[in-house]
Amino acid sequence: MSRAYNFSPGPAALPEPVLRQAQAEMLEYRDSGASIVEISHRGEAFLEVAHRTEADLRTLLSIPDDYAVLFTAGGATTVQALLPLNFANAGQTVDYVVTGHWGKTALKQAAPSADARIAASTEAGGFRSLPARGEWTESPDAAYLHVTANETIHGVEFREIPTAGDVPVIADFSSSIASEPLDITRFGAIYAGAQKNLGPVGIAVLIARRDLLERAGQPRAPIFDYRTQLEGESMLNTPPTWNWYMLGLTVKWMLDEGGVAVFAERNARKAALLYSAIDGSGGYYRNDVAIDARSRMNVPFFLHDPALDAAFLTESKAAGLVALKGHRVLGGMRASIYNAMPEAGVQALADFMQEFQQRHG
Ligand code: PMP
(Lines of atoms letter the chains of each structure in order from A and count residues from 1; the text may use other names and numbers.)
(Lines give C-alpha, C1' and ligand atoms only; values in the text may rest on other atoms or scores of the structure.)
Protein backbone atom coordinates (compact mmCIF):
# COMPACT_ATOMS: atom_id res chain seq x y z
CA MET A 1 0.00 0.00 0.00
CA SER A 2 1.25 3.46 -0.77
CA ARG A 3 -0.14 6.83 0.20
CA ALA A 4 -0.77 9.30 -2.61
CA TYR A 5 -0.05 13.01 -2.56
CA ASN A 6 -3.45 14.17 -1.33
CA PHE A 7 -4.60 17.64 -2.42
CA SER A 8 -7.96 17.42 -0.64
CA PRO A 9 -9.34 20.78 0.59
CA GLY A 10 -10.61 19.25 3.82
CA PRO A 11 -10.84 16.86 5.43
CA ALA A 12 -7.25 17.12 4.28
CA ALA A 13 -4.04 15.12 4.41
CA LEU A 14 -2.56 14.61 7.85
CA PRO A 15 1.18 14.36 8.46
CA GLU A 16 2.30 10.74 8.20
CA PRO A 17 4.13 10.78 11.58
CA VAL A 18 0.85 11.82 13.22
CA LEU A 19 -1.02 8.91 11.65
CA ARG A 20 1.76 6.51 12.63
CA GLN A 21 1.73 7.66 16.23
CA ALA A 22 -2.06 7.38 16.39
CA GLN A 23 -1.76 3.89 14.92
CA ALA A 24 0.87 2.89 17.47
CA GLU A 25 -1.26 4.20 20.35
CA MET A 26 -4.59 3.00 19.01
CA LEU A 27 -5.02 -0.20 21.00
CA GLU A 28 -3.66 1.14 24.24
CA TYR A 29 -2.94 4.76 25.09
CA ARG A 30 0.20 4.88 27.26
CA ASP A 31 -0.51 2.54 30.19
CA SER A 32 -4.21 3.27 30.51
CA GLY A 33 -5.32 -0.24 29.46
CA ALA A 34 -7.57 1.22 26.74
CA SER A 35 -7.41 3.50 23.73
CA ILE A 36 -7.73 7.26 24.08
CA VAL A 37 -11.35 7.13 22.85
CA GLU A 38 -12.36 4.55 25.41
CA ILE A 39 -11.50 6.48 28.54
CA SER A 40 -13.19 9.32 30.42
CA HIS A 41 -12.57 12.87 29.27
CA ARG A 42 -12.35 13.75 32.95
CA GLY A 43 -9.70 11.18 33.75
CA GLU A 44 -6.04 12.02 34.23
CA ALA A 45 -4.84 10.64 30.89
CA PHE A 46 -7.22 12.64 28.73
CA LEU A 47 -6.95 15.81 30.80
CA GLU A 48 -3.20 15.65 30.27
CA VAL A 49 -3.81 15.44 26.49
CA ALA A 50 -6.21 18.38 26.61
CA HIS A 51 -3.93 20.60 28.68
CA ARG A 52 -0.83 19.73 26.69
CA THR A 53 -2.67 20.44 23.44
CA GLU A 54 -3.63 23.90 24.61
CA ALA A 55 -0.13 24.63 25.88
CA ASP A 56 1.43 23.47 22.60
CA LEU A 57 -1.08 25.47 20.53
CA ARG A 58 -0.26 28.55 22.62
CA THR A 59 3.43 28.02 21.89
CA LEU A 60 2.89 27.31 18.19
CA LEU A 61 0.71 30.37 17.58
CA SER A 62 2.29 32.66 20.23
CA ILE A 63 -1.09 33.15 21.88
CA PRO A 64 -0.88 35.78 24.64
CA ASP A 65 -2.35 35.12 28.11
CA ASP A 66 -5.14 37.64 27.63
CA TYR A 67 -6.57 35.40 24.92
CA ALA A 68 -8.59 32.31 25.82
CA VAL A 69 -8.51 29.10 23.81
CA LEU A 70 -11.68 27.07 23.34
CA PHE A 71 -12.00 23.66 21.68
CA THR A 72 -15.49 23.37 20.24
CA ALA A 73 -17.58 20.77 18.45
CA GLY A 74 -19.72 21.54 15.41
CA GLY A 75 -17.03 22.87 13.11
CA ALA A 76 -16.34 26.40 11.94
CA THR A 77 -19.94 26.86 10.83
CA THR A 78 -21.22 26.47 14.37
CA VAL A 79 -18.72 29.08 15.55
CA GLN A 80 -20.06 31.37 12.82
CA ALA A 81 -23.61 30.94 14.12
CA LEU A 82 -22.54 31.56 17.72
CA LEU A 83 -20.42 34.68 17.10
CA PRO A 84 -23.34 37.16 17.21
CA LEU A 85 -24.95 35.39 20.18
CA ASN A 86 -21.77 35.70 22.19
CA PHE A 87 -20.28 38.96 20.99
CA ALA A 88 -23.24 41.18 19.91
CA ASN A 89 -26.33 42.53 21.67
CA ALA A 90 -29.76 41.82 20.24
CA GLY A 91 -30.23 43.91 17.10
CA GLN A 92 -26.67 45.25 17.16
CA THR A 93 -24.85 45.71 13.88
CA VAL A 94 -22.14 43.23 12.88
CA ASP A 95 -20.02 43.93 9.79
CA TYR A 96 -18.93 41.30 7.26
CA VAL A 97 -16.26 41.55 4.59
CA VAL A 98 -17.20 38.96 1.99
CA THR A 99 -14.41 37.68 -0.23
CA GLY A 100 -15.79 34.26 -1.17
CA HIS A 101 -18.12 31.40 -0.39
CA TRP A 102 -17.11 31.10 3.26
CA GLY A 103 -17.52 34.78 4.02
CA LYS A 104 -21.01 34.50 2.59
CA THR A 105 -21.68 31.47 4.77
CA ALA A 106 -20.47 33.30 7.86
CA LEU A 107 -22.84 36.16 7.07
CA LYS A 108 -25.76 33.77 6.57
CA GLN A 109 -25.07 32.07 9.88
CA ALA A 110 -25.01 35.42 11.71
CA ALA A 111 -28.01 37.00 9.99
CA PRO A 112 -30.75 35.50 12.23
CA SER A 113 -29.11 36.85 15.40
CA ALA A 114 -27.89 40.33 14.52
CA ASP A 115 -28.17 43.20 12.09
CA ALA A 116 -25.58 41.68 9.77
CA ARG A 117 -24.25 44.11 7.16
CA ILE A 118 -21.86 43.74 4.28
CA ALA A 119 -18.98 46.18 4.76
CA ALA A 120 -17.33 45.07 1.52
CA SER A 121 -17.83 42.33 -1.04
CA THR A 122 -16.04 41.16 -4.15
CA GLU A 123 -18.94 38.97 -5.28
CA ALA A 124 -19.76 41.15 -8.32
CA GLY A 125 -16.28 40.37 -9.68
CA GLY A 126 -16.65 36.65 -9.01
CA PHE A 127 -14.54 36.68 -5.81
CA ARG A 128 -11.23 37.06 -7.62
CA SER A 129 -9.69 39.90 -5.63
CA LEU A 130 -9.61 41.67 -2.28
CA PRO A 131 -11.75 44.74 -1.65
CA ALA A 132 -9.71 47.95 -1.43
CA ARG A 133 -9.50 48.99 2.23
CA GLY A 134 -10.55 52.55 1.45
CA GLU A 135 -13.85 51.33 0.06
CA TRP A 136 -15.09 49.35 3.05
CA THR A 137 -18.25 50.86 4.51
CA GLU A 138 -18.00 49.97 8.16
CA SER A 139 -20.51 50.72 10.88
CA PRO A 140 -18.78 52.65 13.68
CA ASP A 141 -20.95 50.95 16.31
CA ALA A 142 -20.53 47.40 15.00
CA ALA A 143 -20.02 44.68 17.61
CA TYR A 144 -17.27 43.23 15.43
CA LEU A 145 -16.05 43.06 11.86
CA HIS A 146 -15.75 39.60 10.35
CA VAL A 147 -13.28 38.60 7.64
CA THR A 148 -12.26 35.30 6.07
CA ALA A 149 -8.47 35.10 6.15
CA ASN A 150 -8.36 32.52 3.38
CA GLU A 151 -11.21 31.56 1.09
CA THR A 152 -10.83 27.81 0.62
CA ILE A 153 -12.97 27.55 -2.52
CA HIS A 154 -12.16 30.76 -4.35
CA GLY A 155 -8.46 30.71 -3.48
CA VAL A 156 -8.38 34.29 -2.20
CA GLU A 157 -6.22 35.14 0.81
CA PHE A 158 -5.58 38.33 2.73
CA ARG A 159 -1.84 38.78 3.04
CA GLU A 160 -2.39 41.23 5.87
CA ILE A 161 -5.78 41.63 7.46
CA PRO A 162 -6.58 45.28 8.20
CA THR A 163 -7.59 46.37 11.68
CA ALA A 164 -10.81 48.32 12.22
CA GLY A 165 -10.10 50.89 14.93
CA ASP A 166 -12.01 50.09 18.12
CA VAL A 167 -14.17 47.48 16.41
CA PRO A 168 -12.64 44.05 17.07
CA VAL A 169 -11.85 42.01 13.99
CA ILE A 170 -12.98 38.37 14.08
CA ALA A 171 -11.33 36.23 11.44
CA ASP A 172 -12.05 32.80 10.03
CA PHE A 173 -8.66 31.12 9.73
CA SER A 174 -10.07 27.66 8.99
CA SER A 175 -7.87 27.05 5.97
CA SER A 176 -4.73 29.00 6.84
CA ILE A 177 -4.19 28.81 10.60
CA ALA A 178 -0.61 27.93 11.54
CA SER A 179 0.58 28.36 7.95
CA GLU A 180 2.70 31.39 8.89
CA PRO A 181 3.39 33.58 11.94
CA LEU A 182 0.36 35.59 13.01
CA ASP A 183 0.00 38.55 15.37
CA ILE A 184 -3.11 37.51 17.26
CA THR A 185 -3.26 40.83 19.12
CA ARG A 186 -4.54 42.42 15.91
CA PHE A 187 -7.73 40.38 16.31
CA GLY A 188 -10.62 40.21 18.74
CA ALA A 189 -10.91 36.54 17.94
CA ILE A 190 -9.85 34.00 15.37
CA TYR A 191 -11.29 30.56 14.76
CA ALA A 192 -10.68 27.52 12.61
CA GLY A 193 -12.21 24.15 11.90
CA ALA A 194 -9.42 21.62 12.43
CA GLN A 195 -9.71 19.63 9.23
CA LYS A 196 -7.12 21.50 7.15
CA ASN A 197 -4.03 22.44 9.13
CA LEU A 198 -4.85 21.23 12.63
CA GLY A 199 -6.05 17.64 12.46
CA PRO A 200 -9.16 15.66 11.60
CA VAL A 201 -12.67 17.12 11.27
CA GLY A 202 -14.85 17.15 14.37
CA ILE A 203 -13.33 19.92 16.43
CA ALA A 204 -12.71 23.64 15.99
CA VAL A 205 -10.52 26.11 17.81
CA LEU A 206 -11.65 29.56 18.93
CA ILE A 207 -9.03 31.96 20.26
CA ALA A 208 -10.73 35.00 21.76
CA ARG A 209 -9.66 38.07 23.71
CA ARG A 210 -10.82 37.49 27.27
CA ASP A 211 -12.51 40.87 27.61
CA LEU A 212 -14.72 40.11 24.59
CA LEU A 213 -15.79 36.86 26.23
CA GLU A 214 -17.14 38.97 29.09
CA ARG A 215 -19.63 40.69 26.79
CA ALA A 216 -23.24 39.94 27.73
CA GLY A 217 -24.23 38.84 24.24
CA GLN A 218 -27.73 37.47 23.81
CA PRO A 219 -29.83 34.85 25.59
CA ARG A 220 -28.40 31.45 24.74
CA ALA A 221 -28.19 27.97 26.16
CA PRO A 222 -25.14 27.36 28.37
CA ILE A 223 -23.73 24.96 25.78
CA PHE A 224 -23.63 27.85 23.25
CA ASP A 225 -22.15 30.29 25.76
CA TYR A 226 -18.41 30.68 25.30
CA ARG A 227 -18.02 32.12 28.84
CA THR A 228 -19.54 28.97 30.31
CA GLN A 229 -17.50 26.81 27.95
CA LEU A 230 -14.33 28.56 29.09
CA GLU A 231 -15.20 28.02 32.76
CA GLY A 232 -15.85 24.37 31.94
CA GLU A 233 -12.55 24.02 30.04
CA SER A 234 -14.48 23.23 26.81
CA MET A 235 -15.94 20.18 28.56
CA LEU A 236 -19.49 21.18 29.44
CA ASN A 237 -20.48 17.98 27.74
CA THR A 238 -18.41 15.09 26.41
CA PRO A 239 -15.93 16.67 23.97
CA PRO A 240 -14.72 14.98 20.77
CA THR A 241 -11.81 13.34 22.53
CA TRP A 242 -10.34 11.55 19.51
CA ASN A 243 -10.24 14.77 17.49
CA TRP A 244 -8.74 16.70 20.38
CA TYR A 245 -6.03 14.06 20.76
CA MET A 246 -5.29 14.09 17.00
CA LEU A 247 -5.19 17.88 17.02
CA GLY A 248 -2.64 17.64 19.82
CA LEU A 249 -0.46 15.27 17.80
CA THR A 250 -0.68 17.55 14.76
CA VAL A 251 0.27 20.66 16.73
CA LYS A 252 3.18 18.79 18.30
CA TRP A 253 4.31 17.72 14.82
CA MET A 254 4.30 21.35 13.66
CA LEU A 255 6.39 22.36 16.68
CA ASP A 256 8.83 19.50 16.02
CA GLU A 257 9.18 20.62 12.39
CA GLY A 258 10.30 24.05 13.59
CA GLY A 259 7.05 25.96 14.03
CA VAL A 260 5.06 28.38 11.91
CA ALA A 261 8.08 30.32 10.59
CA VAL A 262 9.37 27.13 8.96
CA PHE A 263 5.94 26.39 7.49
CA ALA A 264 5.69 29.96 6.18
CA GLU A 265 8.87 29.42 4.15
CA ARG A 266 7.81 26.01 2.88
CA ASN A 267 4.32 27.26 2.02
CA ALA A 268 5.69 30.27 0.13
CA ARG A 269 7.95 27.98 -1.93
CA LYS A 270 5.11 25.52 -2.61
CA ALA A 271 2.72 28.26 -3.75
CA ALA A 272 5.36 29.95 -5.91
CA LEU A 273 6.14 26.63 -7.59
CA LEU A 274 2.51 25.87 -8.37
CA TYR A 275 1.54 29.35 -9.55
CA SER A 276 4.58 29.48 -11.81
CA ALA A 277 3.62 26.10 -13.30
CA ILE A 278 0.20 27.60 -14.06
CA ASP A 279 1.36 31.01 -15.25
CA GLY A 280 4.22 29.51 -17.26
CA SER A 281 1.98 27.15 -19.23
CA GLY A 282 1.23 29.64 -21.99
CA GLY A 283 -2.48 29.68 -21.15
CA TYR A 284 -2.87 25.89 -21.03
CA TYR A 285 -3.63 26.27 -17.30
CA ARG A 286 -5.16 29.37 -15.78
CA ASN A 287 -5.75 30.85 -12.31
CA ASP A 288 -8.07 33.87 -12.32
CA VAL A 289 -7.28 35.40 -8.93
CA ALA A 290 -5.53 38.80 -8.76
CA ILE A 291 -1.84 38.18 -7.99
CA ASP A 292 -1.90 40.03 -4.66
CA ALA A 293 -4.93 38.05 -3.50
CA ARG A 294 -3.77 34.55 -4.44
CA SER A 295 -4.04 31.97 -1.69
CA ARG A 296 -0.95 30.09 -0.53
CA MET A 297 -3.16 27.21 0.65
CA ASN A 298 -5.80 26.58 -2.03
CA VAL A 299 -4.96 27.00 -5.70
CA PRO A 300 -7.95 26.75 -8.04
CA PHE A 301 -6.97 26.37 -11.69
CA PHE A 302 -8.63 25.62 -15.00
CA LEU A 303 -7.51 23.77 -18.09
CA HIS A 304 -7.88 25.82 -21.27
CA ASP A 305 -10.35 23.20 -22.51
CA PRO A 306 -12.78 21.79 -19.89
CA ALA A 307 -13.22 18.72 -22.13
CA LEU A 308 -9.78 17.67 -20.82
CA ASP A 309 -10.84 17.81 -17.14
CA ALA A 310 -11.85 14.15 -16.93
CA ALA A 311 -8.56 12.96 -18.44
CA PHE A 312 -6.60 15.26 -16.13
CA LEU A 313 -8.31 13.77 -13.09
CA THR A 314 -7.93 10.16 -14.20
CA GLU A 315 -4.30 10.52 -15.20
CA SER A 316 -3.30 12.55 -12.14
CA LYS A 317 -4.82 9.90 -9.92
CA ALA A 318 -2.90 7.20 -11.76
CA ALA A 319 0.24 9.27 -11.12
CA GLY A 320 -0.43 9.23 -7.36
CA LEU A 321 -1.93 12.72 -7.12
CA VAL A 322 -5.45 12.64 -5.67
CA ALA A 323 -8.36 14.96 -4.86
CA LEU A 324 -7.61 17.62 -7.47
CA LYS A 325 -11.21 18.08 -8.61
CA GLY A 326 -12.36 21.67 -8.12
CA HIS A 327 -15.32 22.66 -5.94
CA ARG A 328 -18.67 22.45 -7.75
CA VAL A 329 -19.12 26.21 -7.30
CA LEU A 330 -16.13 26.92 -9.57
CA GLY A 331 -15.48 23.71 -11.52
CA GLY A 332 -12.00 23.03 -12.90
CA MET A 333 -9.26 21.90 -10.53
CA ARG A 334 -8.08 22.89 -7.08
CA ALA A 335 -4.89 21.91 -5.33
CA SER A 336 -4.95 22.38 -1.57
CA ILE A 337 -1.43 22.54 -0.25
CA TYR A 338 -1.63 22.82 3.52
CA ASN A 339 1.21 22.32 5.99
CA ALA A 340 1.12 18.53 5.68
CA MET A 341 1.71 18.65 1.90
CA PRO A 342 5.44 18.20 1.33
CA GLU A 343 7.29 20.28 -1.25
CA ALA A 344 7.92 17.04 -3.18
CA GLY A 345 4.15 16.65 -3.61
CA VAL A 346 3.79 20.07 -5.21
CA GLN A 347 6.83 19.37 -7.41
CA ALA A 348 5.21 16.10 -8.49
CA LEU A 349 2.02 17.99 -9.40
CA ALA A 350 3.93 20.65 -11.37
CA ASP A 351 5.82 17.91 -13.25
CA PHE A 352 2.60 16.06 -13.98
CA MET A 353 0.94 19.22 -15.30
CA GLN A 354 3.79 19.79 -17.71
CA GLU A 355 3.74 16.18 -18.92
CA PHE A 356 -0.03 16.27 -19.32
CA GLN A 357 0.26 19.41 -21.44
CA GLN A 358 2.89 17.76 -23.64
CA ARG A 359 0.79 14.62 -24.06
CA HIS A 360 -2.50 16.33 -24.78
CA GLY A 361 -1.10 19.47 -26.42
N1 PMP B 1 -14.66 28.51 6.77
C2 PMP B 1 -13.76 28.10 5.86
C3 PMP B 1 -12.72 29.06 5.38
C4 PMP B 1 -13.80 26.78 5.39
O5 PMP B 1 -12.91 26.38 4.46
C6 PMP B 1 -14.78 25.89 5.87
C7 PMP B 1 -14.87 24.44 5.43
N8 PMP B 1 -14.23 24.09 4.31
C9 PMP B 1 -15.70 26.38 6.80
C10 PMP B 1 -15.61 27.68 7.25
C11 PMP B 1 -16.79 25.49 7.36
O12 PMP B 1 -16.18 24.59 8.22
P13 PMP B 1 -16.95 23.39 8.90
O14 PMP B 1 -17.28 22.41 7.83
O15 PMP B 1 -15.95 22.89 9.91
O16 PMP B 1 -18.17 23.94 9.55
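Cβ atoms are placed via backbone N, Cα and C, with glycine included.
Note: TrEMBL annotation is automatic and uncurated.
According to TrEMBL, the domain 'Aminotransferase class V' annotation covers 5-349. According to TrEMBL, the L-glutamate binding site annotation covers R42. Annotation source TrEMBL lists pyridoxal 5'-phosphate binding site at A76, T77, W102, T152, D172, Q195, N237, T238. The N6-(pyridoxal phosphate)lysine feature in TrEMBL is assigned to K196.
Annotated pair T77 (pyridoxal 5'-phosphate binding site) and R42 (L-glutamate binding site), C-alpha to C-alpha distance, rounded: 27 Å. Ligand 1 lies under 6 Å from the Cβ of the following recorded positions, listed in sequence order from R42, T77, W102, T152, K196, N237: T77, W102, T152. Residue pair A76 (pyridoxal 5'-phosphate binding site) / the residue listed as 'N6-(pyridoxal phosphate)lysine' shows a Cα separation of 11 Å. Spacing of D172 (pyridoxal 5'-phosphate binding site) relative to the residue listed as 'N6-(pyridoxal phosphate)lysine' is 13 Å (Cα to Cα, whole number).
Neighbours of Q195 (pyridoxal 5'-phosphate binding site), defined as other CB atoms within 10 A of its CB across all chains, total 25. Spatially, by CA atoms, the recorded positions W102, T152, Q195, K196, T238 include one closest to R42 (L-glutamate binding site), and that is T238.
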